[in-house]
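Asker: Quick paste from TrEMBL:
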type: BINDING; residues: Ala11, Glu32, Leu40, Val76, Trp359, Gly366, Val367, Ile368; note: FAD binding site
type: BINDING; residues: His147, Gly148, Asn149, Val150, Arg191, Arg192, Glu203, Gly366; note: NADP(+) binding site
type: DOMAIN; residues: 2-158; note: domain 'FAD/NAD(P)-binding'
Amino acid sequence: PRVCVVGSGPAGFYTAQHILKHHGGALVDIYEKLPVPFGLVRFGVAPDHPEVKNVTNTFTQTARSGRCGFYGNVTVGRDVTVPELQQAYHAVVLSYGAEDNRVLGIPGENLPGVYSARAFVGWYNGLPENQDLKPDLSCETALILGHGNVALDIARILLSPLQLLRKTDITDSSLAALACSKVKRVWLVGRRGPLQVAFTIKELREMINLPRTRAVLDPSDFTGLESAVKDASRPRKRLTELMIKTALEKPVAMQAGAAAPREWGLKFQRSPQEVLPSADGRRARGVRMALTHLEGSGDSARAIPTGDVEELECGLVLSSIGYRSLPLDPAVPFDSQRGVIPNSSGRVEGVPGLYCSGWVKRGPTGVIITTMNDSFDTAQSLLEDLQSGVLDISPSREGFGLVESILHSRGVRPVSFSDWEKIDAAEVARGKVAGKPREKIVDPAEMLRIIGH
């Protein structure tokens, strides 16, 4: 069987890995629109979390397997269509993730000074499409809308001492911008309460322990929570206890002459209503929030506006309310309400031989391990369909042979995995000079020049 996987992030690689491991004869080709692999492991994971990026070692082993092909610099839906892939392969798995962000849908969200978390993370992580972002960091207060791990990542990057960031693979240009940043206070705002935050204890602890930075949590936000959290799951209980402990701790007195500390805090039960423009209307100067009360409890609690509002002054607004998948090809069914491909255990509804895994299958939630299990689940469905004969492999399929001639006729030159390894070596060499694990190349044209395309 010839299988094609669209997308080379964790979902794509884990799907390929599982198929190759459990079917001794399968051939798997992975297609990626960028010249470089690994998706959000490269462009989403925070630069100061190098241990999370170690999964690329496993992915590299998969790509180097004799039964796996990697074709970067190929945009499925434009350079080659899904129906064309279906003619070339016995099965096609869509694992292309979520390349858009959810919008706030409030007045002022397009003002200068307002950015999506996705674009901001892409900027400091070297995602080519976000390289010209040039965020304005000339204000003292930043406001992040959202209480997830991405929101904490951004707060940490904004407030981290430069000497910590200099040792990471953060891009050169964003390091230069952060060196001139005036931001010293970051508020993370959520519509619901402390029991509904979506970040995890590891990320919270890192934020609390950030050098020369203090946490500002209001003890009154946590009144009565000890009893409310008694029946919660252990992770939720430990997370809430850490927030309560931090809220009640007395601030440590700074030594005389020490630089004024940077600070961050969590604000709860506030829903953004409008980004407020400066007097000249040219940029954001704050956000008007509706205060909310909660109906229901636990994860299903809903935030209902009370009628009261408050304004928070800030010059930088980052919206971290979630990523969103987009439809890839008219031939593929898509639920635009939920932002996913309708499927059952990864089998795309109504299209035999078409599968999906990762965020485009279940929505943009969870960590790499969640995606791994989800991808194994899709791969398992595909293997079962092979075994039961639902997937007919009697007609021979040409795989990349057919796709290559299509791409050639359209003037598209794919990038191989050994091409990527040349780009990788160039990045690592540049990083060495700067004392970093790598210096990411952010311009696709430069990537292609390095491999002589």
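Residue positions begin at 1 at the first shown residue.
Cβ from N, Cα, C; glycine included.
Curation plays no part in TrEMBL annotations; they are all automatic predictions.
Quantities reported herein were computed from a predicted structural model and do not represent experimental measurements.
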Asker: Nearest by CA distance to Arg191 (NADP(+) binding site): which of the binding-site residues is it, out of Ala11, Glu32, Leu40, Val76, Gly366?
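Answerer: Going through Ala11, Glu32, Leu40, Val76, Gly366 one by one, the Cα closest to that of Arg191 (NADP(+) binding site) is Gly366.
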Asker: Out of Val150, Arg192, Glu203, point to the one nearest Glu32 (FAD binding site) in space (Cα versus Cα); all of them are binding-site residues in the record.
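Answerer: Result for Glu32 (FAD binding site): the nearest of the binding-site residues is Val150.
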Asker: Spatially, which candidate from the binding-site residues Ala11, Leu40, Val76, Trp359, Val367 is nearest to His147 (NADP(+) binding site), comparing Cα atoms?
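Answerer: With Cα distances computed to His147 (NADP(+) binding site), the winner among Ala11, Leu40, Val76, Trp359, Val367 is Val367.
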Asker: If you count CB neighbours within 10 Å, which one among the binding-site residues Val76, Ile368 has the smallest count?
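Answerer: Candidates: the binding-site residues Val76, Ile368. Fewest Cβ atoms within 10 Å: Ile368.
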Asker: Name, in the order they occur in the sequence, the residues of the same chain whose CB lies under 8 A from the CB of Ala11 (FAD binding site) and which sit 6 or more residues away.
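Answerer: For Ala11 (FAD binding site), the qualifying residues are Gly39, Ser95, Gly97, Ser357, Gly358, Trp359, Val360, Lys361, Thr371, Asp374, Ser375.
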Asker: Do me a favour and check the Cα-Cα span between Val150 (NADP(+) binding site) and Val367 (FAD binding site); whole Å is fine.
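Answerer: So the Cα of Val367 (FAD binding site) lies 11 Å away from that of Val150 (NADP(+) binding site).
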Asker: So what sits near Leu40 (FAD binding site) in its own chain, CB-to-CB under 8 Å and at least six residues off in sequence?
Answerer: Gly9, Pro10, Gly97
Asker: Counting every protein chain present, what is the number of Cβ atoms, excluding its own, within 10 Å of the Cβ of Arg191 (NADP(+) binding site)?
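Answerer: So the Cβ neighbour count for Arg191 (NADP(+) binding site) comes to 23.
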Asker: Counting Cβ atoms within 10 Å of each candidate's own Cβ, which of the binding-site residues Val150, Val367 comes out highest?
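Answerer: For the binding-site residues Val150, Val367, the Cβ with the most other Cβ atoms within 10 Å is Val150.
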Asker: Taking His147, Arg192 as the binding-site residues to compare, which has the smallest set of other Cβ atoms within 10 Å?
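Answerer: Looking at the binding-site residues His147, Arg192, the Cβ with the fewest others within 10 Å is that of Arg192.
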Asker: Measuring Cα to Cα, how many Å separate Asn149 (NADP(+) binding site) from Val76 (FAD binding site)?
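Answerer: Per the Cα atoms, Asn149 (NADP(+) binding site) and Val76 (FAD binding site) stand 30 Å apart.
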Asker: Could you list the residues of the same chain, at least six apart in sequence, whose Cβ is under 8 A from the Cβ of Glu203 (NADP(+) binding site)?
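Answerer: Residues satisfying the criterion: Asn149, Leu152, Asp153, Arg156.
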